[in-house]
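Some notes on the structure that comes next.
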Amino acid sequence: MKLQIFSLRLFLVLSLFSSLHAQVVTNRDDSGPGSLRDTITSAAAGATITFDPSLSGQEIYLSSQYLLDKDLIIDASSLRQRIILDGSNTNRIIEVTGNRSITCRRITFQNGTGTSTMAGNTRGGAIAIRDSGDLVLEDCQFTSCQTSTGGGAIFNQSADLTLKRCFFGYNQASVDGGAINCNGGLTNITNCTFLQNIAGGSGGAIKYSGSSDFSLTSCTLVTNSAEVAGGGLIYLGSSQGKLTLQNSILTNNGAPIGADLRNDGSTSTIGSNLLSNISDSGLLNGSVSITTEPSLAPEDYYGGPTLTMPPLMDSPARDAGGETDPGGTDQRGSPRFSNGALDIGAVEIGSLVVNTTDDNTTDDENHGSTENVSLREAIAFALPESVITFDTSVFNGSQGSILLTEELTIGNELTIDASAITNKVTIDANATEFERRRVLTIEAESSVELRNLILTGGWTEDGADGDDSSSGDMNSGEGGHDGGDGGGILLNSFSELTLSSTSVANNQTGNGGNGGSGGDGGYGGHGGHGGGILVRPNSTLVLNSSSVKENKTGNGGHGGDGGSNGNYNRGGRGGNSGAGGGIFVDSDSQLTLASSCVSGNKTGHKGNGGNGGDYGEGGSGGRSNKDGGGGIYMSPHSELTLDSSAITNNRTGNGGDGGDANMDSNRFGGAGSNGGPGGGIYASTQTILTLDSSQITRNHTGEGGMGGSGGDEGEDGNSGVGGDGGGIRSSSEGLTLSLCTLSENQTGRGGRGGGFFCSNSQLNASHCTIASNIALGEGEGGGIASENSEITLQNSILAGNSASSGPDLREFNTSNTLTVTGNNIFSSLSGQSSFTPDNPNLFIGNPLLAPLGDYGGPTHTMIPLPGSLAINAANSSTATLDQRGFAINDGQPDIGATEVRADDFTFQEPVLEALWNTDHDHDGSPFGLEIALGTDPDKPDANAPQNLSLTFNGIGQPVLEFAYSLGALPFTNYLILHSS
């Protein structure tokens, strides 16, 4: 019997424990099993109600209020995002009856309305407490609640009320207490924000009338209003109670009497308080600070669970609350005391030091503390104008890499500064083929600076393939979707980003999706733009001592095949490759590079055309529309500025192949598309480019795609040619170059303009060197190809370039205007009609330049060798420095980008010795031999008559013939050796 009694008692204890602790809401229904309403009804007094993790951030819409007639804790603090209780603008959310103890944590109360069928019971839009007891609210948010009487959010008859880290905004009462109306009870409000609450009577945010104490500690009340008195707070206490203000902000509230505060009881102030108006407040001037501009940030979460309004850097609330640590946290959950002084108001501005390489989120167990602060957490907590730094004990050495689990997002004015870290901090998106993400998105209207970072490993999503025709072959296949933009960074509109000593490297955008098949095949989607960085319209990107390298845009999708319904179904056109392998700049935006480099980037290949269906022709390869720019793509109305920077070793992708026509037809094969234009830079119409002391070197455009096969009686499609503009392809109305070198750029076979291709463009080049560029195959204009353009060269070198026609300069029509001023050097006038050899501003000949290399200064150059026509030959020049930043000798500049100094050849002797044996133009003769013989060391000329020629005379003796160059360098020695 005793055993049975014990078992019964144990069962009762376990049952009671279960009823008190195992109350979990499992769905967002308004009623029924697992709903909050059902759980409240079935819970025992004193129970704790929690929520299943799947309900994080979910909304529950109420058909009627919840009636709490027992002690309860409703706790959503384990959820990553608050649970939302919505009164649908027709219902109050909670009514508490009897002497109850109620606690709510991490809950949003919104759209509650105080209504009742009982007269006089409409008070409290979200919560109404009819009796005594106590109500505790922690990390809760009350928005857009209303009542036709008092207490837009909360009406409290006489319970003790404790509020911690809560937000009350945009609530309204027709009578008193826009947010809270208390008729009594001990009230303590700490680290809370009240914003734009409205009362038709008194107490825009809070009205208190009772005999108990009321304390407002580290709170922010701004822009609340009342039509009678107490725009922020009205306290109507008796002689037994007292109002206490401690380190709080009450500013820019409004009411005819007591704009910020109306006090009809006793008052004490502790610490410092900030008010904009103390009239009718009962406070003395010496007890508060008065300001009309608290300088607070707009309401946002700033890493916390509720909306806040932190003080900005120039706010009088900063460090004004004393030097005593009160303990605890601010409204966001951050330490309440930081940097040796306390801030006034609900938010404390602390230092943000990243001290872990983990990518933990803001819901970890140390959320808000200074322990294990991840970069993601620091960004979430960052206030406008904040600076995030890194713990040197964690990030110095080889440990400074953060592997992301999702992309980072920044939406305010913020600096991330790793300048104290020796080897930079690496932020790696760690994307894979199956898990795509970019590194960083900067939201619209933001201003961000990144210092001493490496952003890498981003890879955006591929575009989805288009669906095949759902109606057999009668309708066309759906077009492929586009790949995601901005592999490393996406800078949204009306924003600014500055990169200082930062690298954006090894990121890529997604491929375009393939077109679906159908009647006519669907077109291919385009690859994502901006392999490294994509800049949306009306934004600014600045690079200082930074690099964008080894990034790539996606390929264009292939066109879908035509259908087989006998209606001459064409194959779909291939999609474009993504533009801007390194950087894509959208319209009305600006890009500035200072002492920076864009290198090794490339665009993807264009998609192939689909094959024709019944009697159909093949689709063409990806079209030439918004593609190209291996290094940089500039959209219309954008601006590019380069200063002491390098655009080098970038390349564009190949054109797509044309699709094949149906073999049993007389249709044509699809045309192959041209290779991507602008190996280094693509400049669209109405752009402005200003390049100073910079290099555009070793960039390449892609090859053309092959034409598709025609039908039995049709012709094969035309093949595409290489992309135009190995270095720069420009339709710019303002392209200005000063002290720049364009060298060793080349087009794909058949492309025009190895160095430049100018179409409907204006080019002004002063003290520039344009040499050793190549238009491959049948390409024309090795240095510059011009079409309907205005070109002015001043004291520049245009020489040693190669092409099938117009090795240095090729004009394609008579609508060009070409002008030379000062003195200029051309190696050939073939291919153009604007100049003749007797032009007084032209020297025709070999300028004798050293190959492209590092001869001092921040960028690579081609210095004139001894005996060069360029030395001291510039005319009407105002240059004071050369491309390297070195001073002009004796006020007499050299032609071209580089000024020869007295110690150039002494200082660079190892470099010159090495280049003397280098076959720079790959024609079988080393550089030094070509100088000695008078052949051109910068372009292939193995068949030149000056070269060594071994023949036999009439009696069979070997005879070695060679030319002696009168232009050989003074220290050239001719040694003829024979073998033994």
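Including glycine, each Cβ sits where the backbone N, Cα and C put it.
As given in TrEMBL:
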SIGNAL    1-22  signal peptide
REGION    295-340  region 'Disordered'
REGION    458-488  region 'Disordered'
REGION    503-574  region 'Disordered'
COMPBIAS  510-533  compositional bias 'Gly residues'
COMPBIAS  537-548  compositional bias 'Polar residues'
COMPBIAS  554-574  compositional bias 'Gly residues'
REGION    600-683  region 'Disordered'
COMPBIAS  606-632  compositional bias 'Gly residues'
COMPBIAS  669-681  compositional bias 'Gly residues'
REGION    697-728  region 'Disordered'
COMPBIAS  702-728  compositional bias 'Gly residues'
Listed stretches 554-574, 669-681, 702-728 vs the compositional bias 'Gly residues' (510-533), most Cβ pairs under 8 Å: range 554-574
Quickly jot the same-chain residues contacting the compositional bias 'Polar residues' (537-548) by Cβ under 8 Å, restricted to those at least six beyond its ends, or write none.
491-505, 582-583, 585-599, 601, 631, 645
Spatial neighbours of the compositional bias 'Gly residues' (554-574) far in sequence, C-beta under 8 Å, 6+ residues away:
460, 462-463, 465-466, 468-469, 472-474, 476-477, 479-480, 483, 508-528, 604-623, 627, 653, 656-657, 659-660, 662, 665, 667, 670, 673, 708
Chain residues outside the compositional bias 'Gly residues' (669-681) and at least six past its termini with a C-beta under 8 angstroms from it
571, 573-574, 577, 598, 603, 606, 609-610, 612, 617-624, 627-634, 640, 647-648, 650-661, 689, 696-697, 699-710, 714-730, 745-748, 751, 757
Helix, strand and coil residues within the compositional bias 'Gly residues' (669-681) as assigned by DSSP:
0 helix, 1 strand, 12 coil
